[in-house]
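Q: The following block contains the structure, expressed as structure tokens.
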Amino acid sequence: MLWLVLCSVYLVIVPVVTANGRLSNNTLPLHYDLHLEATGLGLHDYTYRGNVSIRIAIVSDTNEVVLHNVGNTLESICLRRCRDGEAISHQLLESEPASELLRIRTDRILRRADDQVITLTIVFHNTLGEDRMGFYRTQYRGAKRIPMAVATTHFQPSYARLAFPCFDEPGFKTTFQITIVANGSHLVASNAPIATVTWLQDGHKAVRFERTPPMQTYLVTFLIANFTSVHTVSPSGVEIGILAPPKDEKSLQFSLQAATALLSSLEEYTGQSLGLQKLDHVAIPRFGNAMENWGLVAYDEQFLVLSAKAHRLQRAQAVLTIGHETAHQLFGNLVGPAWWSYLWLSEGFATYFELLLGADAYPELLPLEESFAVRHMHPALMADAYEQHPLTVEPLSANTPEIETLFDTITYSKAGCILRMINCSIGEEAFQAGVQNYLEQHRNGVVTPEDLYASFSVQQQRDTPTVEQMFRSWVDKPGYPVVTVERLNGSFVRFRQQRYHNQEVTTQDITSRWFIPITYYTNSSLGQYEYQPAFWMKETDQELVLQLEMNTQDVLVVNPRQIGFYRVEYDERGWSSIVDNLTTLPSIMQAKLIDDAFVLARAGLVGYELCLEMLQELATSPDPVPWLIAMAEENIGYLQRVLQSAEFDRFLTGFVGEMFDLAGNVGRTLLQSQALDVAYDWWSRLAASFIESKRESSIRPRACLPTPVQEVVQALVSPDDHVRERLFVRLKCLPKQSNEPSVLLLALERIRAANLLTPGKLFAVLESLIKSDPGRFLPPSVQFLSSVPPEEASPVADRFQRLLNLIVHEVTDRRQAAQVRRLMVKNSSILPANFLPHASTVMTSTISWRMKQVPKLREFVHDSHMASIYEREGHQ
């Protein structure tokens, strides 16, 4: 590379060595003045020029200033002491090819006492890319379908360094003054309100924004586009705006109303203002999901642009997404994690509040308890059986691919579930007071989990853990417990706890224990122990015997409202009572019991006959909540794949038909809309063979047309989860003899050859693909992975191991097992030493179970006449 040497006559080359790749603490950014010029947008000129001036405090004596820079071509660098403007001579040091650090060596020691504050000014230029990282470009179709360019940003977790040189770590929080020079016809926006607009020659304008509150670099944002906007003012005086292409102006009212209502609910609950004069929400073409940039939140268009006829599923998803990003304005932006190790402090609260705010503002759209169970509790428990990382991940290096793996179900949904569990354990009043104290004490600062724990001052009863003990028990280690419930004589019950394992393991984990809040329901308890704990199992308790409020004939359900993050296993008497009374219980309890039964059966802790009995009971009074949980790919999906029973498939087809009857008008409720969506998916998969022989059917499966390879490629690389999910549905409804898996394999190979996705992101896509239908997508995924050399997987070995772990637990025959073993042998250099033996044990156990148990289950299905349940008019 060319080395830029300024204010010096010689060049010094030193090795780049930092602890875990982190920046040193010798210098601290105090303020940025950022000036960018992007005047060619719309003229097919995507270059931009910039200069950044950073005021830097000298924290300790040093002869280096180290910050981040990726892809920006540096034109000049200047260092000056602030108090007198004295120039500081320096040189730019060579970095290792893979380094993202910009290292400047000064010719003298910078003294904390003498120099105090210096100014670093860098002039640079760059080009807007198309890969949704840094300062990049996208487009939408304007009038007469003319492409209209949009320049925007995506900086999380560490992409600000791609747009301008900066101290790109979340622990550095400071103010920004941003100026954008653009074409005069473009709308220009950033985090803060506009301070001045200066008109320049050639029809350009310089838009200078007000100074921002202290914030991290990953929250900085700017937008240049031919957009329109609609605005209103919240009750607290914050100007709320929705920004979008002009064609969408008439479809922004619902999101504007929702953004205002959700902000009001957040401010009321927390007692905190945003510290912002305005909060804009911008619809970015092909953005994918959403990003909480402070004061200018970015969304994929689907979350903000909703027609008056949008059905409830679309509106509910919009409310949840806007609620999530609005909550981030306090949880993450106003008070942010000091390092990515504590990402759950941001995402967990946003996940928790997305439903709390949504249910408060739109109770008819989002039933809180049921939505939490379906949206977060079920996925989090499933994920925590595979994804072996705790919520707090320490140590954690500055490697961006490693950081990106933490943006997962554990960090989002599990963290939200733990916060809800703490809320119910200590009570709403104490929880709200703790949250308010947390935000007030650390306003405009960065935090660690210890700061959150210290914000709660709760007087606990004897034998009750402190709030910090509650948090640490669930945050500092992966996994969760199974609580075994054994009914003894009278009203006495024995409780045991042990860590849940989704298959046989070589060594059982008998040391991991938790502080577990035990809630329960019986006919005699009158609902008083359904939310707040009746008692706690302590980390020292492997077994506990207690007397409950119940009679001998009562049904007993532990963790009935899915407050605690654990599963429950009952003895034979307990399960029998539950099956007999299943239809008399609230739907949220039915969902919890069915989910536990299926998952425990898959782990070999109970028999699948229990699950089949519960399904027969559920068939008599179907409800969207337990039905959605039962029909999950991990539950009925797995059983349907291993049984391969025509009788069971006929039962399921009728079962699905019941959901069409129940859903009725798609606009009734959110959960009915979700149930209908899932019902269509299952009908497409199950009904093809029956419709072939029975031409009469009131409900037809969706049309399944062949999908071109390039279209599959585009959907798989899309940042929008919903685009990929729609592709998965199309692929799943095709007949098994279709050549679609070959098309999928070809698409994956094209993505890899063209580097359209990083290995980590490609492995994440494979995870979601396999989870959506293992029976169909596991074989092409394993075949594709066999062509990936270990050196490509090595930089994201943790993600690769997680993907293999998922695959191992979906293998159901010896041929697949042999393929997976060959894959693991090939990659043994990047896998733990015990991974292959453990994986072989799991696969052997699964295959052995299938050979012994499947014939018995088929016989059970036949003898119980499950297929005949729906052999009546309307379900033939």
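Glycine is no exception: its Cβ is also placed from the backbone N, Cα and C atoms.
Caution: TrEMBL annotation is automatic and unverified by curators.
What TrEMBL records for this protein is below:
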ACT_SITE  Glu325  active site, proton acceptor
BINDING   His324, His328, Glu347  Zn(2+) binding site
DOMAIN    29-219  domain 'Aminopeptidase N-like N-terminal'
DOMAIN    254-474  domain 'Peptidase M1 membrane alanine aminopeptidase'
DOMAIN    556-679  domain 'ERAP1-like C-terminal'
SIGNAL    1-19  signal peptide
Q: Taking the Cβ of Glu347 (Zn(2+) binding site) as the centre, count every other Cβ atom within 10 Å, in any protein chain shown.
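A: Around the Cβ of Glu347 (Zn(2+) binding site), 26 other Cβ atoms lie within 10 Å.
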Q: Compile a sequence-ordered list of residues in the same chain as His324 (Zn(2+) binding site), six or more apart from it, whose Cβ lies below 8 A from its Cβ; state 'none' when nothing qualifies.
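A: Expected: Ala290, Glu292, Ala350, Thr351, Phe353, Glu354.
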Q: Need one number: mean pLDDT over the domain 'Aminopeptidase N-like N-terminal' (29-219).
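A: Across the residues of the domain 'Aminopeptidase N-like N-terminal' (29-219) the model's pLDDT averages 95 on the 0 to 100 scale.
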Q: In whole Å, note down how far the CA of Glu347 (Zn(2+) binding site) lies from the CA of Glu325 (active site, proton acceptor).
A: 10
Q: Which are the residues of the chain, His324, His328, Glu347 excluded, whose CB is within 8 A of where the CB atoms of the Zn(2+) site average out, their centroid?
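A: The answer, listed by sequence position, is Glu292, Glu325, Ala327, Phe331, Gly332, Ser346, Phe349, Ala350, Thr351, Phe353, Glu354, Tyr412.
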Q: Relative to the Cβ position of the residue listed as 'active site, proton acceptor', how many further Cβ atoms are located within 10 Å?
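A: Within a 10 Å radius of the Cβ of the residue listed as 'active site, proton acceptor' lie 26 other Cβ atoms.
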Q: I'd like the Cβ neighbour count for His328 (Zn(2+) binding site), meaning other Cβ atoms within 10 Å of its Cβ, all protein chains included.
A: 25
